[in-house]
Amino acid sequence: MSMKLPFFKTKKTKVEEENELDNIPKHVAIIMDGNGRWAKKRGLPRLAGHKEGMEVVQKIVKTAVNCHVDILTLYAFSTENWRRPKSEVDYLLGLPKEFLHIYLPELIENNVKIETIGNMDVLPGHTKKAVRYAKEKTEDNDGLLLNFALNYGSRFEIIQAIRRLVTDIDSSKLTLDNLDEHIFSEYLYTTGLSDPDLLIRTSGEQRLSNFLLWQLAYTEFWFTDVLWPDFSDETFKKALYDYQQRKRRYGGV
Ligand code: IPE
Ligand code: IPE
Ligand code: MG
């Protein structure tokens, strides 16, 4: 298979190309932060930052496809983001529909499969509808899995997992003796997905903000001061490159 990656500025040999694709993280999770500050710096309303951030999502999806990342999980709206002014919440929850309206055909063309994690039940009807439609349209795709964390909060995820788990124990579907890490994971939103190999957070903040607390146990973290709307193909590739140099030990030697 010939792979022409934007990675390669000059023509490389096949061996060199294979080396650059070696040890690419299978699952990359990103906390896309800094939209508001990006807008403020330009004297624009915060919403303009979110809009610009949405454009960056599509750019980064393309890079992920080209670099053969398997899963890209993007933190788009947290369970705590409801604390923002209603106008901003409304705008943020309108973005999935807008994004999919513009980019779904291109995503389909690129064999991207769309999924979500988070509590969709309480999202506005138009958001749910757009997301459901995109999931249906891409369900047979087997390229990049583009996983949006929408109304996602890790603590809520763990609580809902425990609730369902206890229900299954009560109805004898599961016994307490059988409960282990693997079975517990199946009750999380991320069931069936491998844990992220690389976590990126933009905008200089170095915290998880309730993102994938269970799943990030052995993930490599990569932080940058770049604000999400300025996050580029090059910055993403720098993160991938840095990941490639890391040694993961999982508690071993
Ligand atoms: C990230 O940008 C987008 C979401 C949280 C949805 P912010 O809106 O958090 O931007 P800052 O952190 O205020 O700059
Ligand atoms: C995390 O960013 C949530 C998303 C990127 C969707 P926040 O901007 O909400 O996080 P805090 O408030 O700085 O921790
Ligand atoms: Mg923020």
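Backbone N, Cα and C define each Cβ position, glycine as well.
Per TrEMBL, the features are as follows:
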| type | residues | note |
| --- | --- | --- |
| ACT_SITE | Asp33 | active site |
| ACT_SITE | Asn81 | active site, proton acceptor |
| BINDING | Asp33, Glu220 | Mg(2+) binding site |
| BINDING | 34-38, Arg46, His50, 78-80, Trp82, Arg84, Arg201, 207-209 | substrate binding site |
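Overlay of TrEMBL feature records on the structure.
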residue: Asp33; record: active site; Cβ contacts under 8 Å, 6 or more apart: Arg201, Thr202, Ser203, Glu205, Ser209, Leu227, Trp228
residue: Gly36; record: substrate binding site; Cβ contacts under 8 Å, 6 or more apart: Arg46, Gly49
residue: Trp38; record: substrate binding site; Cβ contacts under 8 Å, 6 or more apart: Gly49, Glu52, Gly53, Leu227, Trp228, Pro229, Asp230
residue: His50; record: substrate binding site; Cβ contacts under 8 Å, 6 or more apart: Asn35, Ala39, Glu88, Tyr91, Leu92, Leu95
residue: Thr79; record: substrate binding site; Cβ contacts under 8 Å, 6 or more apart: Gly118, Asn119, Asn151, Tyr152, Gly153, Arg155, Phe156, Asn210
residue: Asn81; record: active site, proton acceptor; Cβ contacts under 8 Å, 6 or more apart: Val89, Leu92
residue: Trp82; record: substrate binding site; Cβ contacts under 8 Å, 6 or more apart: Val89
residue: Leu208; record: substrate binding site; Cβ contacts under 8 Å, 6 or more apart: Ile31, Ser154, Leu216
residue: Glu220; record: Mg(2+) binding site; Cβ contacts under 8 Å, 6 or more apart: Pro25, Asp197, Leu198, Leu199, Tyr243, Arg246, Arg248
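In the structure as shown, the Cβ atom of Gly34 (substrate binding site) sits within 10 Å of 24 other Cβ atoms. Residue density at Arg201 (substrate binding site): 23 other Cβ atoms are found within 10 A of its Cβ, drawing on all protein chains shown. Ligand 3 lies under 6 Å from the Cβ of none of the recorded positions Asn81, Arg201, Leu208.
In the three-state DSSP reading, Glu220 (Mg(2+) binding site) counts as strand.
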